[in-house]
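Here is the structure we will look at.
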Amino acid sequence: MAGGMKVAVSPAVGPGPWGSGVGGGGTVRLLLILSGCLVYGTAEIDVNVVMLQESQVCEKRASQQFCYTNVLIPKWHDIWTRIQIRVNSSKLVRVTQVENEQKLKELEQFSIWNFFSSFLKEKLNDTYVNVGLYSTKTCLKVEIIEKDTKYSVIVIRRFDPKLFLVFLLGLMLFFCGDLLSRSQIFYYSTGMSVGIVASLLIIIFILSKFMPKKSPIYVILVGGWSFSLYLIQLVFKNLQEIWRCYWQYLLSYILTVGFMSFAVCYKYGPLENERSIDLLTWTLQLMGLCFMYSGIQIPHIALAIIIIALCTKNLEYPIQWLYITYRKVCKAAEKPVPPRLLTEEEYRIQGEVETRKALEELREFCNSPDCSAWKTVSRIQSPKRFADFVEGSSHLTPNEVSVHEQEYGLGSIIAQDEIYEEASSEEEDSYSRCPAITQNNFLT
């Protein structure tokens, strides 16, 4: 390889396969090998890097290093924009992401860490490398595992609906956390979902309760937690393939574990303690803020939205108080508007409606158990008339109706108008005669 160094090792002096005789040739040989490895690791290595451009496909058949330089400054409308480098190959490849070309050179140098990490890296035939909007440069190395492997690399900048959905989920959890913490549907659905996703973690947690304290088995449990998290991540990455090939087993697992989780949730029941409900509410709201921040690609806009959400949530009652105070001040400053007087027809209609309503309420009270019938009958003059009224008869007798019509009905009104007109005409006649009498007296 370019930049390497060849080390010539002289044969050791003395008997033995390692030359451990006179002169210590074995030790010298080991030192020379180690020094050669160090020189090999620290030597300058030239790396052939291919610069990627957006929406341009780069196809290769051998291991290659790539770099992408982001020159665009993010704007406010890029809050849900994601930049990704897609590597799609016909066979399995190993992809390593680094920050710059210097890190690519370090990957080419020999080290124990690079040697072992190469075996731990996942091999995929279709993967995406996320690039930050504020990242100036991102580099990656694609290593082929088998010969005749053809792969393509492309940079994609697009609107990511997943970021938008994560942001909406955060808004819902933050503003509806108090309602969700008291909802039975949310309680059972969340319990079943956690049971299905984290069944291995729950089993390990239950086993840890039966283990004695200060036991070496905790080392195994810690390893089990890590292994469970790795399995969950692996399943989610290959969920589509698992569903296509093993949908019967996956469906059986979901139904079985979901029923068991529902049974456990049903046994303990929803939260009833107010403090527990408050803790769940705060937890949901904190998760909502985290989702809101992770769902927006521009940090300062995400922080601004979080501050606005906090102010909107916590200043709800002060804002209502200020609004009510403002309305009262405005009403006090306005000139009082005189009330509109009712017309004679409106007054008559309103009187009839209110009278009928009051009579119905009186009948309902008399028929209710709260009314003392004997005490009421002892206080009235006509018990039979009262009984007829309670049964639905009119509260007035025909004689009372005729008297009312004579006094306040249409005939009485006409008579009153005639009397008023006669009195007015008499006053006018007396006024017309007064000037003549005054004039005669003046002449005499």
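Even glycines carry a Cβ here, placed using N, Cα and C.
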If I look at Swiss-Prot, which residue among Asn88, Asn125 would I find recorded as N-linked glycosylation site? Asn125
Enter the number of other CB atoms within 10 angstroms of the CB of Asn125 (N-linked glycosylation site). 14
Residues from the same chain, set at least six apart from the ends of the transmembrane segment (289-309), whose C-beta lies under 8 A from its own: 74, 76, 78-82, 132-133, 163-171, 173-175
Pairwise Cα distance for Asn125 (N-linked glycosylation site)/Ser368 (phosphoserine) [Å, integer]: 82
Do any residues of this chain, six or more beyond the ends of the transmembrane segment (161-181), have a C-beta under 8 angstroms from a C-beta of it, and if so which? 79-80, 82, 271, 277, 280-282, 284-285, 287-297, 309, 313
